[in-house]
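Written out below as C-alpha cells is the structure these notes cover.
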Amino acid sequence: MGNDFVVPAIVAVTLVTVGIGFYGLRLARTTSDFLVASRAISPTWNAAAIGGEYLSAASFLGIAGLVLKYGVDVLWYPVGFAAGYLALLLFVAAPLRRSGAFTLPDFCELRLGSRRLRILATAFVIFIGWLYLVPQLQGAGLTLATVAGSPYPLGALLVASVVTANVALGGMRAITFVQAFQYWLKLTALAVPVIFLALQWQADGRPAVTPPDGPTFRAATTVVVEHRATLTLPDGDIREVRPGDELTFAAGDPVPDVSGVATDANDWLLPSAAGDDDRGLFATYSLILATFLGTMGLPHVLVRFYTNPDGASARRTTLVVLALVGAFYLLPTLYGVLGRIYTPQLLLSGQTDAVVVLLPEAALGDGLAGRLLAALVAAGAFAAFLSTSSGLLTSVAGVISTDVLGRGSVRGFRLATVIAGGVPAVLSLHVSGLDVSQVVGLAFAVAASSFCPLLVLGIWWRGLTDVGATAGVVVGGGAAIGAVLVTVLGPPLSGWPATLIAQPAAWTVPLAFTVMVAVSMATRRRAPADVAATMLRLHTPEALRM
Amino acid sequence: MAKQLPDVGSSGAVPPPRRSRIVLADITRQDTRAERTRAELAQQTQVGEALVRGLVRAQLALALRLSLVVAIGLGGLPWLFAIAPSLGRTTVVGVNLPWLLLGVASFPFLIAVGWAYVRLAERNEQDFTDLVQRPER
C-alpha cells in the first residue's frame, strides 16, 4: 500500500511509548514503584490507564470486524466488555482493594490461607494472561502486514520486544502514564475518522447498508483470499477458494455468499434468535455470561486495583472506567456497519479484523485526508496492542516473579518479564489464522469460570473453604480450558457440540459455582478461623480507620 | 492509643501493608461509647460481629438488586427478540431497534446503574460509620 504516513505514525506511537517508559524509569526507584506505582495514582489517571489497558486489539479491531462479518449478534461483545466493569464494581472493586491483595494468588492466600490454592491460581493467571497476549501480538502482526506490507512475524515480534523492554525497564509506574495516554489516543483515532466517514457516507447519497440483493462492490476490486472458503456466486455456481486465489470484481458486482458469513441482509440485520435456532440463543447467553463475569477475573484488570489509594477510590475509579469504556464502544460498531458498504471484499478475503485500518482510505480515497486518517487509525491500533500487552505482561510478570521465581526484587521482576513476554511471542508465530475476538472471548470464558466464582464467593460468603475453592476452580476452569484447547487444536465440530465448545461459559460458570458451594458445604470444618477478621477488613469503610 | 488492634489478615508470602497512622489531636474528641463500639468491632465480639454481618448483607443485597435490574434490562433482550421477532424488524429513525438498544442505549444504562450503586453503597457505609461512631442513636 502506498500510504507514506502510516509507518511514521506507528514509529511515533512506539517512540512516545518508549519515551514515557524511560521517563518513568527515572521516577521509578523502589519495588513498590515497580509493582503498584506506589499506590499513589489518582482515580482520573488510573481510570484512563485502566481504560487504555483494557481496550485491546479485540476491541479496537476485532469488534468492527465481527460486526462486518456477523451483524447485530456480536454487539454483545462490546456491551459485555463494558458490563464486565459493572459486575466488577458491584461485587469486587472496593472489597478487593481493601483486602490489600496485589494479585489473585495473593487474594487466595489471604482469604483462605492455602498454599495449594495459591499455586493453582498462579497457573490460571499465567494461562489466561498468555491466552490474551497471543491475539494481541497476532493482531499487531496482521495490522503491520496490512498497512505497511511487512511480513506477519515482524509486527508480532516488534510489539513483543518493545513491550517487554518497556515493562522490564519502567515497571508499573511508567506503564500507568503510557496507558493513560494511549486511552485518549485510541479514542481520538476512532472518533475523528468516524466524523469524516459519516460525512462521506452523506455525500455518497447515503447508500443502504443492507441493500435487498446483498452487499455490492462500490469500485472494481481484486480480492486475495486468505482462508479456505466456499463461495456461492450470484448465478448460483458454487466455487471452492483456497488461500492465495485472486478474484476480480467490477464496480456494482454483488458480493458472493461466503460460507459461515452473514452475507444475507436478514441474517446480518436481525438477532439470530429471531429465526428458530436455539443454538443462536444459547450462544448469545453464553457470550453474555462470559463477558459480564469474565472481566473481574482478568489478571491485568485486578492488578490495577491495587494502584488505588483505598476501597472508596477503587469504586469511583471503576465507575469512571465504565464511562470511558462505554464511550469508546460506541465507535467500533460504526466502522463495522460502514465497512459493509466500503470494504465488502474483506468478507471474501477473511481479513475482517482489518476493516478499521482499511476503511478510511476505502471510503475517502487515497487523497491527503484519506491517508492522514488511515495513519491515525493505524497509530491507534498500534497503541491498542502496546497498552494491553504492557498491562498483561506486567501482571503475568508480577505473578511469575513473586510466585514462581520466589523473589520480589526489581531484578526478579525484570527476569520474569522476559519469560512472560517470550512465550506468547513464540506462540503467536505459530497461530495466525484465529479470529482475534474469538480467542479473547475464550480467555474471558476461562476467567469467568475460575476466578469469578472464587472472588464473588470469597468476598461475600463466609462458608467458602480452601478445598471448595480449589475444586471449583479445577472443575469449572478446567472445563473452560478444555473447551479452549479443543477450539484451537481439535477437529472441527458441528451442531450442539460445536456451540457448547465455542461458547462454553453458559455451562462452565454455573458448574464452577455449584462445585465450589457444594464442596465448601461438605468441608465446612475447614473454613478459615479468621474469616470474621477478613470480612471486617474487606467491608469496613475507610472512614472508621480500623 | 490504649486499645489493642488484633492482627487482621493472615500472613502470606507478601505481607499486607500495615497502615500506621499517628493520631494526636482528634483522639480526645471521640466519646468513649464510640471507642467501645470500635473496640467491639476490632475484637470481634458478638455485637461487632453482628454489625459487620449487617453491613455485608446490606451491600450484597444492594449489589444483587442492581444486578437483577441489569439482568432483566439487558439479559432479557435476546429472549425478547426470540419470542417477538417483529421487534427486531421495528426501525427507529431508520435503524433497527436491536442495533439502537445494543449499540447505543446499553452503555448509558450501564453507567447509570453503576452511578446509582456507588451512591447507595457509600450511603450504606456512611450509615454503618454513623452507627459505630454514635451508637446511642
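Placement of Cβ uses the backbone N, Cα and C atoms for every residue, glycine included.
Note that TrEMBL annotation is computational and uncurated.
For the transmembrane segment (A:6-25), the list of distant contacts is 144, 147-148, 158, 162, 165-166, 169-171, 173-178, 181-182, 185, 374-376, 378-379, 382-383, 386: same-chain residues at least six beyond its ends, Cβ to Cβ under 8 Å. If you look up TrEMBL, you'll see A:6-25 (among others) marked as transmembrane segment.
Tertiary proximity for the transmembrane segment (A:45-68) is limited to same-chain residues at least six positions away from its ends with a CB under 8 Å from its CB atoms, namely 74-75, 77-78, 81, 132, 135-136, 138-140, 143, 175-184, 186, 190, 300-301, 304, 307-308, 317-318, 320-321, 324-325, 328-329, 332-333, 335-337, 339-340, 343, 346-347, 352-357, 380-381, 383-385, 387-388, 390-391, 435-437, 440-441. Residues annotated as transmembrane segment in TrEMBL: A:45-68 (among others).
Residues or ranges marked as transmembrane segment in TrEMBL: A:74-96 (among others). Sequence-distant contacts of the transmembrane segment (A:74-96) (same chain, six or more residues past either end, CB-CB distance under 8 Å): 54, 58-59, 62-63, 66-67, 107, 284, 287-288, 290-296, 301-302, 305, 311-312, 314-315, 317-319, 321-322, 325-326, 329, 332-333, 437, 441, 444, 455-456, 459-460, 538-539.
Tertiary neighbourhood of the transmembrane segment (A:117-134): same-chain residues 56, 103-109, 297-300, 388-389, 392-393, 395-396, 399-400, 403-404, 420, 423-424, 427-428, 431, 439-440, 442-443, 446-447, 450-451, 454, 466, 469-470, 473-474, 477, 481, 484, selected by CB-CB distance under 8 Å and a gap of 6+ residues from either end. Per TrEMBL, the feature transmembrane segment maps to A:117-134 (among others).
The transmembrane segment annotation in TrEMBL covers A:154-171 (among others).
Per TrEMBL, the feature transmembrane segment maps to A:183-203 (among others). Residues 13, 48-49, 51-52, 55, 60, 324, 327-328, 331-332, 334-335, 338, 341, 356, 359-360, 363-364, 369, 373, 376-377, 379-381, 383-384, 387 of the same chain lie 6 or more positions beyond the ends of the transmembrane segment (A:183-203) yet place their CB under 8 Å from a CB of it.
What TrEMBL records for A:282-306 (among others) is transmembrane segment. Same-chain residues lying 6 or more positions outside the transmembrane segment (A:282-306) and placing a CB less than 8 Å from one of its CB atoms are 36, 39, 46, 49-50, 53-54, 73, 76-77, 79-81, 83-88, 91-93, 96-97, 100-104, 125, 128-129, 132, 172, 271-273, 314, 317, 388, 391-392, 394-396, 398-399, 441, 443-448, 450-452, 454-456, 499, 502-507, 509.
Residues or ranges marked as transmembrane segment by TrEMBL: A:318-338 (among others).
TrEMBL lists A:372-400 (among others) with the feature transmembrane segment.
Residues or ranges marked as transmembrane segment in TrEMBL: A:412-433 (among others).
Taking Cβ pairs closer than 8 Å, the transmembrane segment (A:439-460) reaches residues 56, 58, 62, 77, 80, 84, 91-92, 95-96, 104, 107-108, 111-112, 121, 124, 127-128, 131-132, 134-135, 138, 286-287, 289-298, 469, 472-473, 476-477, 479-481, 483-484, 487-488, 503-505, 508-509, 511-513, 516-517, 520, 538 in its own chain, all 6 or more past its ends. Per TrEMBL, transmembrane segment is recorded for A:439-460 (among others).
Annotation comment: TrEMBL describes A:501-519 (among others) as transmembrane segment.
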